[in-house]
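*Asks:* Take a look at this one; I'll ask things after.
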Amino acid sequence: GTKKKAKCPGLGLFYTILSAFLFSLASLLLKKIEDVHSVEVSAFRCVFQMAFVLPGLIYYKTGFLGPKGKRIFLFFRGFLGSTAMVLLYYAFQVMPLADATVITFTSPVFTSLLAWIFLKEKYSPWDLLFTLFAVTGVILIARPPFLFGSRVTGIEGNYSDHLKGTIAAIASTLSAASTIVILRKVGKSVHYFLSIWYYAVIGLVGCIIALFVLNEWRLPHCGRDRVFLILIGLLGLGGQIFLTKALQIEKAGPVSIMRTMDVVFAFILQVLFLNHIPTWWTVGGALCVVASSCGTAIRKWRHSVKKAKQRKI
């Protein structure tokens with residue numbers, strides 16, 4: 001039979017841009033919240049995820065635990081995914097929005113490295129080059145004093161918080177990359193909703209325990225922060241929905257490349273609403289990371305296209 005033409009060419013890429021914009025808005029609102037710990041914000045986000053996923057689990061009759069042989073993978077997926085979220089939110093709160101966003105885009109590079117180690121996937125010299133580009137970008141953003149001197153400009157607050165935020169962002173990226181490797185290992189044997197369910201439940205339990213240990217649990221003092229918390233949950237959920245829809249109707253390569261618009265939105269929102277102009281070091285680091293991320297995406301896209309053609313032959 002003849003293939004059906006897409007009703008709206010480029011719709012998947014538009015969904016990707018919309019997703020990036022919603023995620024950037026959620027990050028901006030997180031910067032605007034004053035007296036709420038990043039762990040508590042993560043707990044609210046998990047509640048929204050559970051409310052969204054629960055009807056889907058009931059409708060598709062997937063159960064709440066998943067296949068016996070896959071539960072340990074689902075547990076680590078939930079633990080690492082929620083850890084990545086908490087660390088990323090902390091990074092957004094203590095360092096410039098654009099800096100934290102750029103560091104998160106090193107995830108594809110670290111995913112390739114971890115997939116080579118644990119899944120025995122191919123790791124070429126090109127992948128090594130992209131990894132070096134990503135590391136260079138992170139160094140330009142972190143600007144360690146032993147390389148750049150004691151006077152580090154263009155940061156929020158003191159350098160100690162900037163360094164903590166950088167470490168948190170890198171750890172978040174590594175956790176997110178590990179999550180993707182686990183999802184590859186599980187494959188299509190587990191429903192997408194069940195994977196998110198583990199992420200939300202384990203994240204919520206972990207956040208509640210952490211809040212009691214840190215003694216940081218408290219309701220926001222003013223109505224504005226409460227509204228921001230709700231909007232962060234809704235915007236994060238909307239960003240995930242549009243990203244999922246984009247991947248359903250568009251190839252992963254173009255989507256991965258277009259996701260770098262998140263960096264562009266972060267720079268724009270930081271200048272317009274936070275009155276923080278990025279330094280040339282940050283811009284240079286962003287270019288290194290974006291080039292690395294795009295290069296990794298293009299290589300994987302070309303490889304998948306080549307394999308598809310070989311199957312047809």
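Yeah, the Cβs are placed from backbone N, Cα and C, and that goes for glycine too.
Remember, predicted model here, so these are calculated numbers, not experimental data.
Taken from TrEMBL, the feature domain 'EamA' applies to 11-142, 164-294. Marked as transmembrane segment by TrEMBL: 12-30, 42-60, 72-92, 98-119, 126-146, 166-184, 196-214, 226-244, 256-274, 280-298.
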*Asks:* Using a Cβ distance cut-off of under 8 Å, indicate which of 42-60, 226-244, 280-298 has the most pairs with the transmembrane segment (12-30).
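*Replies:* Selected stretch: 226-244, with the most Cβ pairs under 8 Å.
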*Asks:* Tell me, what is the mean pLDDT of the domain 'EamA' (164-294)?
*Replies:* 83
*Asks:* Within this structure, do the transmembrane segment (98-119) and the transmembrane segment (256-274) have 3 or more Cβ pairs under 8 angstroms, counting pairs 6 or more apart in sequence?
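*Replies:* Output yes: the transmembrane segment (256-274) sits against the transmembrane segment (98-119).
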*Asks:* Mind checking which residues reach the transmembrane segment (226-244)? Cβ under 8 Å, same chain, six or more beyond either end.
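*Replies:* For the transmembrane segment (226-244), the sequence-distant neighbours (Cβ-Cβ under 8 Å, at least 6 residues beyond its ends) are 15-16, 18-20, 22-23, 25-26, 29-30, 32-33, 36, 41, 44-45, 47-49, 52, 192, 219-220, 255, 259.
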*Asks:* Who are the chain neighbours of the transmembrane segment (166-184) in space, where the CB to CB distance is under 8 Å and they lie at least 6 residues beyond its ends?
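*Replies:* Sequence-remote neighbours of the transmembrane segment (166-184) are 73, 76-77, 80-81, 83-88, 90-91, 94-95, 99-100, 103-104, 106-108, 110-111, 113-115, 118-119, 138, 141-142, 195.
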*Asks:* Using DSSP, tally how many residues of the domain 'EamA' (11-142) sit in helix, strand and coil.
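*Replies:* Summed by class, the stretch gives 110 helix, 0 strand, 22 coil.
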